[in-house]
Amino acid sequence: MSKFNRIHLVVLDSVGIGAAPDADKFFNAGVADTDSDTLGHISETAGLSVPNMAKIGLGNISRPIPLKTIPTEDNPTGYVTKLEEVSLGKDTMTGHWEIMGLNITEPFDTFWNGFPEEILTKIEEFSGRKIIREANKPYSGTAVIDDFGPRQMETGELIVYTSADPVLQIAAHEDIIPVEELYKICEYARSITLERPALLGRIIARPYVGEPGNFTRTANRHDYAVSPFQDTVLNKLADAGVPTYAVGKINDIFNGSGITNDMGHNKSNSHGIDTLIKTLQLPEFTKGFSFTNLVDFDANFGHRRDPEGYRDCLHEFDNRLPEIFANMKEDDLLLITADHGNDPTYAGTDHTREYIPLLAYSASFTGNGLIPQGHFADISATVAENFGVDTAMIGESFLGHLK
């Protein structure tokens, strides 16, 4: 019999809690990640008040320097720790795949200076369309169509760009390049980015509509991902008949592998929390696992190095935690964590190699305290033990510490 009938894992994308031991091997604009500290630096520079996470014990997590504006709790309502990554990458897919039990020894490729001519030329030859070279770099998805959408409408060129993650994205106006044509181009791009030196996690079709100054991305987005290289705990759960619910980009990250119910993409963190709450309320969801990603921290504020915006985004999530609690059952377990860091005060614009926090809460807890410090995959090992399935490659369960 399961200790918890339902477990809900919420990933606060990029909310790291201090430099990892191997941060000296990871860089931002030539600066090693050794002094990165997403939560710590936001707390120091912008002020951070997250009373609901603080009550669970966020301020009690072991750190060289305590979080400046987050108090410790003498009698927290949950259990906390921080977890270290073993995989050789600090991107979204690597973090999530490791959380679900995999050790990624060959990280995906990222292209901070844009894609090489060889790839661009192949796409041009296949599609019969030119690529706007000036867009070929890490770019905000909305900014890139604002900057190059008018030109595309005139010329029919492709907007090819990337991000901090191992992705190639192609944006096209639906009236200029039909969606089906865009999909065919993306399928081809997928076929040429399956091995080094261009091993990419996802190819994303990004259709948009509108007029210059008022472009809008449409729901016809399509992701061409790669599945995890072996079964994760999601697969073990699904194979055992345990329902799995994906909220946000989780389904894309795992290419649908091990996901039995995809609840759709998030328009924003707030929309993602709404979807999570709707998932919690589903009458048929009496047992199983939900997995939510909230990406605004990372996409809107981490990469843009905006500590005040990041702070406000954390406040927004914390303010809505009581709603999540109110929709949980007595025997539910909530796990709040991250997938990497993205210190908005740091050099460069890339992710940062950090520990991630872990907060565990259940109305059924009679105890509280610290969970032994471990690794990302301990989360999936705990989920696996709870539901009586095997772990994946790595991970040590902390289920026995939750009283």
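Please read every residue number as a count from 1 along the shown chain.
The backbone N, Cα and C atoms fix where each Cβ goes, and this holds for glycine too.
Just one of H222, H265, H351, H375 is listed by Swiss-Prot for the same Mn(2+) 2 site as D298, H303, and that one is H351.
When the binding-site residues H303, H340, H351 are compared by the number of other CB atoms within 10 angstroms of each CB, H303 has the fewest. Recorded residues D298 (Mn(2+) 2 binding site) and H340 (Mn(2+) 1 binding site) have their alpha carbons 10 Å apart, per Cα-Cα distance. Neighbour counts of Cβ atoms within 10 Å were taken for the binding-site residues D13, D298, D339; the minimum is at D13. What surrounds the Mn(2+) 2 site, by Cβ distance within 8 Å of the Cβ centroid and not counting D298, H303, H351, is the set D13, S14, A164, A299, G302, H340, N342, T349, D350 from the same chain. When the Cα atoms are compared, H340 (Mn(2+) 1 binding site) and H303 (Mn(2+) 2 binding site) turn out to be 13 Å apart. For the recorded site, D298 (Mn(2+) 2 binding site), the DSSP three-state label reads helix.
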